[in-house]
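**Student:** For 1-113, the entry in Swiss-Prot reads domain 'Ig-like'. If you look up Swiss-Prot, you'll see 22-98 marked as disulfide bond, on the strength of sequence analysis.
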């Protein structure tokens, strides 16, 4: 059974920082690109960041709205992906999900700024 379990959400002041984590199981994590996606009533579903494989030198890509503020990383030995979020803004409020190539999704973690 595939599982993606996010954690680390909560309430943070504008300008603050927060780190989200996602632990995967049930598939070969190191073979999958990983993404963070967020959902809010105002913007709907919004892709945030992507990290590719070791063979791609763990290349990363970001939505323009978070570039320079958010950092995605992964630890294949722990089947985990992370999202470090700095200088948070009210518009960053939403439910954050980790996903593979959008085939598998976690249950989400709520971030409120």
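Yeah, the Cβs are placed from backbone N, Cα and C, and that goes for glycine too.
Mind mapping these onto the model and telling me what they sit next to?
**Tutor:** Averaged across the domain 'Ig-like' (1-113), pLDDT for the predicted model comes to 96.
Sequence-distant neighbours of residue 22 (disulfide bond) (same chain, 6+ residues apart, CB-CB distance under 8 A): 4, 5, 6, 7, 34, 36, 80, 81, 82, 98, 106.
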